[in-house]
Amino acid sequence: MKIKTRFAPSPTGYLHVGGARTALYSWLFSRHLGGEFVLRIEDTDLGRSTQEAIDAIMDGMNWLNLDWDEGPYFQTKRFDRYNAVIDQMLDAGTAYRCYCSKERLEALREAQMANGEKPRYDGHCRDSQCTHGADEPSVVRFRNPQEGSVIFDDKIRGPIEFSNQELDDLIIRRTDGSPTYNFCVVIDDWDMEITHVIRGEDHINNTPRQINILKALGAPVPEYAHVSMILGDDGKKLSKRHGAVGVMQYRDDGYLPEALLNYLVRLGWSHGDQEIFSIEEMTQLFTLDAVSKSASAFNTEKLQWLNHHYINSLPPEQVAVHLSWHVEQLGIDTRNGPELVEIVKLLGERCKTLKEMAESCRYFYEEFDAFDVDAAKKHLRPIARQPLEAVKVKLAAITEWTTENVHNAIQGTADELGVGMGKVGMPLRVAVTGVGQSPGMDVTVHAIGQARTLARIDKALAFISEREAQQ
């Protein structure tokens, strides 16, 4: 049997982390078994579906490198197919027209709730012999079995059973002629030969209805697996209140796709005590029986830890490609300075995100307007004039600009002055970067370049002179 899974988001908002995890699990399951993965856009909610949301879904999937073998399919382009099946069901008697008014249905609902009953359709039109005009508004309902039960073996949760008496006759076509979500899903899974439906636990109650429709059509029933929800660190359902955002916001905030994928796969799935998984390892190891039934809590600190790991473990060239986007967003021109690969090597240990790295690398490429106030107050004092003048002479004398020669110049200055490296290095750091923290001075000065370094030392010496004049 060819394995075939699908990811079927509704384009009513961004691709959130819960949806991304579902997509990842479906993708991994199919890839692990050599199957196919389908992308389907369930846009039947015409009032809420937007092109912007569709674009956000596609951008998120592409950024995460979750490629698909078929699609994207759009439900709004398949209405003729859905309605043709509904007409066949009307002819076969597995569906019927319902002419109940909104007023009758509302009164029924209120009466049931007043009696402590679960609101459900009472089947008024199910076996009605009443005649109605051809133009009288009606919906079409599925004739759900009234006896027995629906049992399915959830691949994460085990056997789940629903009594058919608990399931009312579902509307499958509205009065305006449009098919409903629960029906479209069934026909899509049938037509697209989906073998395994992996989705959120909020769809469990839809499953028995969908299975009954499939059986009425004589269609194969796929396997189902319902993934538990993701909670915030306070134990409540993850929402915007917890900072839950679309997948692309994580890109904007400086996270690598490899880090987010690694984090998402571990939100419910495990393989021993292993924490770090490449996409190749995930594909090789992923199985549904290792997915937990329990809800998972989203922890931003853990994601940052993983991101820092991948910044420093992936090839610098690969990280630099992602970094370039962030640098461009800040308007930094990198043509006059070190390659971004060097920035990754220099700042990787210090930065948890690429956004932080981009914001920290500006002094490698641009002149700064002013020194950091606290750093200058502490390190650009009159006492710093001598070490800055001395190290400038040695740096200016270098004919081969290497990290080793820069280091020797700084160390040699400290030795000649009989002071510790910090007495030279800290004023030099503030002079050439404008701030009080940076990577080691030898690699930083080397990356900034000889001419720019000497000019910045002059700027710092002028600053010290101005400071002296004001005292």
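Yeah, the Cβs are placed from backbone N, Cα and C, and that goes for glycine too.
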Which residue range, 9-19, 141-151, 174-184, is the one Swiss-Prot calls motif ''HIGH' region'?
9-19
For the motif ''HIGH' region' (9-19), jot down how many residues DSSP puts in helix, in strand and in coil.
3 helix, 1 strand, 7 coil
In the same chain, outside Cys98, Cys100, Cys125, Asp127, whose C-beta lies within 8 angstroms of the Cβ mean position for the Zn(2+) site?
Tyr96, Arg97, Tyr99, Tyr121, Gly123, His124, Arg126, Ser128, Arg141, Asp169
Could you find out if DSSP has Asp127 (Zn(2+) binding site) as helix, strand or coil?
coil
